[in-house]
Amino acid sequence: MSLPENLSYTKEHEWARREDDGTIIVGITAHAVEQLGDITAVTLPDVDDEVDAGERFGDIDSVKAVSDLYAPIAGKVVRVNESLEDEPEQINDDPYGKGWMVAITPSDADAFGALMSAADYAKLIAEG
């Protein structure tokens, strides 16, 4: 499985991408999608909700399980991918693109540097 090098990762299998304006875009990894199977629904926070790093911010339902979603970074939700409400399968089809979930304005921009690189995340999933 090839991992986008321009993303950062968490041990909970979320990815994060810093945009030019400092906003952090968040989704789940292809590895997580593979483990979950077909995604049937996703519950996301509301715009303006505050999230804490490592804390639950939503749920993802699949044919196999309901799993928690964890925020990779603390901050305020500024956008939510509303298209996932009607088309959650976008997460299966394009987890690193159309399957993005939320955009967060971080409360501490430096915290982004604490996330895992693609190489470190690849080691984590290889170790099982």
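Along the chain as shown, residues are numbered 1 onward.
Heads up, the Cβ atoms here are built off N, Cα and C, so glycines get one too.
Taken straight from TrEMBL:
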DOMAIN    23-105  domain 'Lipoyl-binding'
MOD_RES   LYS64  N6-lipoyllysine
Packing count at the residue listed as 'N6-lipoyllysine' (other Cβ atoms within 10 Å of its Cβ): 11
Taking DSSP H, G, I as helix and E, B as strand, the domain 'Lipoyl-binding' (23-105) contains 15 helix, 34 strand, 34 coil
Integer average pLDDT (0 to 100) for the domain 'Lipoyl-binding' (23-105): 97
